Amino acid sequence: MKLLFLCALIALTAAAPRQKRLTVGTIAVSGGAGGSTGCVVTGNVLYANGFKLRELTPIEQQELQDYQNKVADYKATLKQAVKERQEKLKARLAGKKGKAVETSSEELPKAPKKPSFCSPDDTTQFYFDGCMVQNNRVYVGNTYARDLTPSEIEELKVFEKKQTVYQDYIQKQVQQQVSNLFGSSDFFSSFFGGGEAKQTTTTEAPELPEEAPEQPNVPNFCTPIY
């Protein structure tokens with residue numbers, strides 16, 4: 001019975017409206033995970049999620065050059081750090097004494113900050129029934145249709161804010177129901193093993209606001225014909 005209820009909760013979460021899709025904006029670099037997702041620059045032309053935006057200004061071109069240099073240093077430093085960890089691990093497996101291999105990511109180098117011309121405003125995509133909005137531009141399929149009007153831009157900002165609050169509430173609601181259903185028991189251990197569950201640290205269910213947030217009205221930027 002619990003399993004059936006859990007499946008129903010998962011289905012409820014999946015069915016919750018998700019008109020917004022955030023695509024993380026990163027510039028594709030040689031040797032990394034390339035593709036057209038996020039920001040890509042070629043020939044001093046900026047693309048976001050495969051859509052051409054504009055040409056970089058001279059200042060942005062210099063910023064891109066600085067970023068490329070930092071990426072090269074980052075990749076070299078990361079490669080060396082990984083190599084050192086591998087050598088330490090091999091030494092431990094061979095029975096040699098030495099400092100234990102640290103697993104904390106704090107010792108690993110951090111990736112350089114993205115250039116200013118690749119921001120979430122450029123790469124966030126809002127999928128509606130019939131069209132997609134990115135960077136305040138409406139696309140039908142992969143074809144640019146039009147720019148949003150100033151009033152529509154404001155409407156989209158309000159929708160994004162309310163939709164984020166609403167989706168956060170739905171997720172917390174599901175987490176709370178799952179926590180109330182299974183309590184502090186190790187559900188998966190009891191379900192699969194049938195033996196004595198291991199002692200685990202339980203996470204308290206998130207508190208929900210007294211009043212549920214209202215689901216925002218979806219902006220009407222395009223009209224599909226059925």
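From the backbone N, Cα and C atoms, a Cβ is placed for every residue, glycine too.
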Choosing among C118, C131, which residue does Swiss-Prot name as bonded to C222 by a disulfide? C131
On the three-state reduction of DSSP, what should I expect for C222 (disulfide bond)? coil
